[in-house]
Amino acid sequence: MIFQNTPEFASQLDAQDELKHLRSEFIIPQHNGKDAIYLCGNSLGLQPKATAEEIAKQMGSWASKGVEGWFDGDEPWLNYHQQLKSTLGEILGANEQEITVMNSLTVNLHLLLVSFYQPTAKKYKIIMEAGAFPSDQYALESQVRFHGFDPDDAIIEIHPRDGEYTLRTEDIIKTINDNTNELALVLFAGINYYTGQFFDMPAITQAAHAVGVYAGFDLAHTAGNVPLHLHNWEVDFACWCSYKYMNSGPGGISGIFVHEKHFGNTKLNRFAGWWGNRRDTQFKMAKGFEPERGADGWQVSTSPILLMAVHKVALDVFNKAGGMLSLRKKALLLTAYLEYLINNISSQQGQAIFKIITPTNAEKRGSQLSIICKENGKVIFNYLTENGVIGDWREPDVIRLSPVPLYNTFTDVCKTGQLLSTAAGI
Ligand SMILES: *Cc1c(COP(=O)(O)O)cnc(C)c1O
């Protein structure tokens with residue numbers, strides 16, 4: 001599409017947008033009495049209008065039924081999480097049995113590493129991307145230490161080549177092949193939180209499997225952002241949070257994926273709890289843990305129903321969008337429009353004021369652009385904020401902007417471009 005840097009062009013795109021009705025499902029934060037331009041869905045997605053009502057409903061069940069709420073009524077809490085699985089399955093490309101909803105993200109990463117990182121004296125190394133989200137770095141460091149290894153030796157970080165910001169798939173595969181003898185696990189983000197690079201998950205998984213190790217992914221910035229096919233890609237395990245692109249509230253509940261091929265694998269360790277026990281015998285309260293079949297067997301604790309209620313409402317909005325492919329179609333256009341506007345500023349000013357470090361190939365990114373400001377980055381960012389654009393700032397010099405197809409408009413993106421242009425001239 002040939003873009004134009006005018007409000008008229010943007011509102012024309014808005015008028016043609018088949019998903020435009022979805023914005024009214026959300027509460028848009030306000031700035032000086034008007035809708036803010038919210039481009040921070042990569043950090044905390046917006047609140048659906050129906051969320052408060054669903055929480056109130058569950059509070060009502062608690063009030064009227066007390067403990068019987070676990071077993072009574074049309075949505076007994078005991079099985080509440082099962083309602084989330086069909087939409088999650090579509091978002092992630094997984095069977096319902098391969099998914100469960102529980103805990104928080106970093107906790108789930110640890111639990112999955114207990115199962116899928118079982119190093120031996122010879123094979124103990126983990127390959128990951130350099131500059132991964134700090135929580136993932138800390139989780140891996142501490143897991144490696146827990147098994148008696150030195151993180152500096154056991155964790156192999158892959159860096160971009162000199163002068164580049166993102167990783168080449170060929171370099172990832174080469175690192176995997178070069179470390180075959182000592183490798184225990186490949187663990188990557190789906191999309192890197194800083195650069196916005198969408199890694200080639202099937203290629204990474206295949207390369208890991210070719211040398212006999214597991215491939216796992218942290219999908220915090222990926223789930224609900226780009227279409228995924230975890231089952232068909234044969235990913236071994238994955239985890240994500242629900243509060244970024246899935247709009248399920250600050251600190252909202254996380255989820256995990258375990259590929260069906262591991263359901264019968266008794267060699268996988270796990271840190272068990274009663275909620276992961278076979279449902280049919282769970283309330284016999286007997287000695288000896290027997291896992292429920294599927295990802296549910298990784299559950300540990302009693303379901304936090306209020307968090308699940310928030311998640312359920314947010315997933316219902318995904319259903320109204322008609323699936324990830326229609327969301328992706330709009331996301332590609334929104335992001336490309338933002339990219340066009342940013343590049344337009346540099347060409348108007350006759351110099352590269354902004355450098356987008358997110359891949360230019362749309363297949364290799366989601367809804368986020370990470371922009372390095374050549375100078376005055378913080379001043380430019382503050383100008384955006386003062387004028388009602390909510391994005392985020394990542395030290396030392398990156399502005400991340402994330403137009404989300406569920407609630408952002410082309411007009412949001414156009415206004416942001418104009419503000420960036422004004423700020424760059426300051
Ligand atoms: C957002 C994010 C986290 C945050 O983890 P919590 O346990 O929810 O605090 C972890 N890892 C990645 C890759 C993230 O993007």
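Cβ atoms here come from the backbone N, Cα and C positions, even for glycine.
Automatic prediction, not curation, is the source of TrEMBL annotations.
For LEU105, THR106, PHE133, PRO134, SER135, ASP136, ASP218, HIS221, TYR243, TRP274, THR302, the entry in TrEMBL reads pyridoxal 5'-phosphate binding site. Counting every protein chain shown, 26 other Cβ atoms lie within 10 Å of the Cβ of LEU105 (pyridoxal 5'-phosphate binding site).
Look at TrEMBL and you will find LYS244 tagged as N6-(pyridoxal phosphate)lysine. Within its own chain, LYS244 (N6-(pyridoxal phosphate)lysine) has GLY41, ASN42, SER43, LEU44, GLY45, ALA220, HIS221, ALA223, GLY224, ASN225 as residues 6 or more apart in sequence whose C-beta sits under 8 angstroms from its own. Taken residue by residue with DSSP, LYS244 (N6-(pyridoxal phosphate)lysine) is part of neither helix nor strand, so it is coil.
Among the residues the record lists as binding pyridoxal 5'-phosphate, namely LEU105, THR106, PHE133, PRO134, SER135, ASP136, ASP218, HIS221, TYR243, TRP274, THR302, the two farthest apart have Cα atoms separated by 31 Å. Cβ contacts within 10 Å of ASP218 (pyridoxal 5'-phosphate binding site), excluding its own Cβ and spanning all protein chains shown: 29. The binding-site residues near ligand 1, defined by a Cβ under 6 Å from one of its atoms, are ASP218, chosen from ASP218, TYR243, THR302. For the binding-site residues PHE133, TYR243, the largest tally of other C-beta atoms within 10 A is found at TYR243.
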